[in-house]
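Asker: Take a look at the following structure, please.
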Amino acid sequence: MLNIKWIRENQKLFDEKLSQRFIEPMSSKIAMLDREKRKIMSLIQEFQHARKVKSKILGNMASKSGEEFEGLQRDVKHINEKLEALEQDLNNNNELNELLNMFPNIPDEEVPYGMDESMNKLVRTYGETNPNALNKQHFELGIKLNLMDFEQTAKISGTRFVTLKGDLAKLERALINFMIDVHTKELDFFEISPPVLVRDNAMYNAGQLPKFAEESFATTNGYRLIPTAEVPLVNIVADTIIPREKLPMRYVAYTPCFRSEAGSSGRDTRGMIRLHQFGKVELVSITTPEESKNEHEYITNASETILQKLNLPYRVMLLCTGDMGFAAKKTYDIEVWLPGQKQYREIASCSNCGDFQARRMKARYKEFGSNETTLVHTLNASGLPIGRTMVAILENYQNEDGSITIPDVLINYMGGLQKITAYSE
């Protein structure tokens, strides 16, 4: 959520930032609703003060009868009626909060202006792409190996699901353990095993609701399946005040993730790129406003480290204003090279959300010896999605005979297996 005080004091700048997100100017409407709300709150305070004064006089009166006493009683009753009506008006005046809840985060000054991914800015590349490399797509390889099943799975669960078998199932497990080990043993992240069912309020805190309600799966009793472990991880600090010396707090978690893929009809309908259910290792960092810029680079580097150890070519893109996620003020996308598609595809998104999520969930910190609290900054990064990493390995490590060479760093995790070959039932 955006800071209403900042909007109030920077109306022109606010409209300029909204225009960078391709949203029409809204400062005038917000200012009007804000004035109405503040007027009601001011009246409530005045009446509360008047009630306190008159109640004190009543309590100190020696005689609990007579015209003066009864007149004060009538005054207090009248004040209570006014307060009840004003508080009802305040509770019913949800338009301002509803409006604020629909605004995305304000872009950082370093974010390039642009409407879509074509305007994203290249930051760096890693590894070399070979235009003459073997170029079968991952689903062709997986099906030929008899280790990736879409057809029978569709009978069980419908489209956008997959069943992995044998050594591909083992590779999935190996990648999870490898990623968690790197992040915890080398990169100072603390492992968490969170729930995958959360309440709506946790989704709201993370910026998933109310804007993206249709993109998640809801149960019939008030829970939602998480679209990313970012949701439970950032909520670890909801409604807390953290001692400054404990920051940064860096968390890593592997979870299954669930997305309805609303609006993705016709996109990546074959293979494992876009599924309703997928596994992902997620990184979250909680830090101070002063350190969030450096922490953004750190958490992005953590995602890159996995790809470097797997020797997978990739590039880092700085997203433009029109391509950033809702809660982000600045985002790097990491795109891995896929020979089967002859293009880079997103494999990780690394975002600095500033105090956007913290304001929603009241996550604060304070210096030692101080009573003053400040909103934390939250950051998140994919570290990495297991399915898309498998896609990249299958396509970049494929051999002429259709087998898949295991990347060196995964051989021990695969029990010494160096190559995945076709499975014969």
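Just so it is clear, glycine is given a Cβ too, placed from its N, Cα and C backbone atoms.
In case it's useful when we look at the structure, here is the feature table from Swiss-Prot:
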type    : residues                                 : note
BINDING : T228, A229, E230, E282, S382             : L-serine binding site
BINDING : R259, S260, E261, E346, I347, A348, S349 : ATP binding site
Asker: Round to a whole number and give the Cα-to-Cα distance in Å for the pair E346 (ATP binding site) and T228 (L-serine binding site).
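Answerer: About 16 Å separates the two Cα atoms.
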Asker: Here's one to test understanding: among the binding-site residues R259, S260, I347, whose C-alpha is closest in space to the C-alpha of E230 (L-serine binding site)?
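Answerer: Minimum Cα distance from E230 (L-serine binding site) across R259, S260, I347 lands on R259.
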Asker: Pull out the binding-site residues from the set T228, A229, E282 whose C-alpha sits within 10 Å of the C-alpha of R259 (ATP binding site).
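Answerer: Those near R259 (ATP binding site) - Cα within 10 Å - are T228, in sequence order.
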Asker: In the three-state scheme derived from DSSP, which category covers A229 (L-serine binding site)?
Answerer: coil
Asker: Which three-state DSSP class does E282 (L-serine binding site) fall into?
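Answerer: Looking at the DSSP assignment, E282 (L-serine binding site) belongs to a strand.
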Asker: Taking each of T228, A229, S382 in turn, which of these binding-site residues have a Cα lying within 10 angstroms of the Cα of I347 (ATP binding site)?
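Answerer: Candidates kept after distance check: S382.
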Asker: What is the Cβ neighbour count of E346 (ATP binding site) at a 10 Å cut-off, with all protein chains included?
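Answerer: A count of 15.
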Asker: Of E230, E261, E282, the binding-site residues given in the record, which has the fewest other CB atoms within 10 A of its CB?
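Answerer: E261, out of the binding-site residues E230, E261, E282, has the fewest neighbouring Cβ atoms within 10 Å.
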Asker: In whole Å, how far does the CA atom of T228 (L-serine binding site) lie from that of S260 (ATP binding site)?
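Answerer: Between the Cα atoms of T228 (L-serine binding site) and S260 (ATP binding site), the distance comes to 12 Å.
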